[in-house]
2 protein chains.
Amino acid sequence: MSTAQSPTPRRRGRPRKNEAADTRTHIVTAAHDEFMAKGFDAASIRGIARAAGVDPSLVHHYFADKSDLLAASLDLPMRPDVELPRILATPPAERAATLVRFILTVWDDPVVQKRGMLLLRSASGQGLVSRLIRDFVVREIFARVAASIDADDAELRAQLVATQIVGLIVLRFGLRVEPLASADVEEIVRRVAPGLSVHLIGPAEA
Amino acid sequence: MSTAQSPTPRRRGRPRKNEAADTRTHIVTAAHDEFMAKGFDAASIRGIARAAGVDPSLVHHYFADKSDLLAASLDLPMRPDVELPRILATPPAERAATLVRFILTVWDDPVVQKRGMLLLRSASGQGLVSRLIRDFVVREIFARVAASIDADDAELRAQLVATQIVGLIVLRFGLRVEPLASADVEEIVRRVAPGLSVHLIGPAEA
């Protein structure tokens, strides 16, 4: 998403737009370095602004918060952290189905698939990027799902939900095994959501 | 598993053992080339023997069947195709639990984890090795699971089982997210098996 403006036609008399794109790119690069050096928790908007040589207000002009900056610096093809609150706000009985439907629909986009599979591979590595991706996933995805679950073991439940989602992504979009790869979205939702609901809804309905 | 004999002490007067290891390695290399060139289906023990310049009976001396040869040429750290019949022969009510318990226990071995994650990454690629791994998985794993399911949609069910298993492997052994990575095996079995059973047992119990 950080490079979305690249095919801009080169015209004279429109320097401000390019300048803005440059500034944004410059901030994203500084953010990337800062996240790598300090990790997600210790990095700050203020420190990123300093590294980019701009005022913090300019960073806030382009990016809503630190997660937004991280998403740009990891070049995330979608924003699970932004979409999740909407999904988790649906009635408990529909929540698992809404989640599975959302994932399968969003990953249908080839850009999401390509970049997403790369990120998934990177996440299982050992380096700084791997840790950064895992930090983001644990803090911005798992923690949100866990917060929606009214149970002592909410964290484990959130991660068990993730196992089903990740497995679906790997087999449907990564390995593309048939008949799963071509199966109707609603067919998969119908089969997988009940099992997920047990983890996702918490003890009352389990 | 094909290179397990490498740290053999070099002594005089024991040429037969090394010779045997060399012959085996030679056959595995020929098998690898043959599988790459022709795929799993079209490759044959006879063709592999010819490529290795040995009699087919010698290939059969070292390898039980074509799957055994493929497992050696992919350097599989475990043999899901060999273990599956035992797992699938357990009573239906215990089958999902036995499967999850087996996977989590076997993957506890660091060698299985390291080699297994590499194979999982390779499988989602585009090249000949990727296709070979997928062929093996589809034919030797999914097909066996599907054959054990008494339902018209047995293939899809087998792959949905696989999504849960692969997701567990990725998050517990690849990303190592906590608390999932350290959770007790039986705790995970207890939580995941009921959902798997719905796919695995077929329509009667579904």
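Note: Cβ is positioned from N, Cα and C throughout, glycine not excepted.
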Annotated range (TrEMBL: DNA-binding region) out of A:24-43, A:44-63, A:104-123, A:124-143: A:44-63
Three-state composition of the DNA-binding region (A:44-63), taking helix and strand from DSSP: 15 helix, 0 strand, 5 coil
Local confidence of the prediction over the DNA-binding region (A:44-63), expressed as mean pLDDT: 93
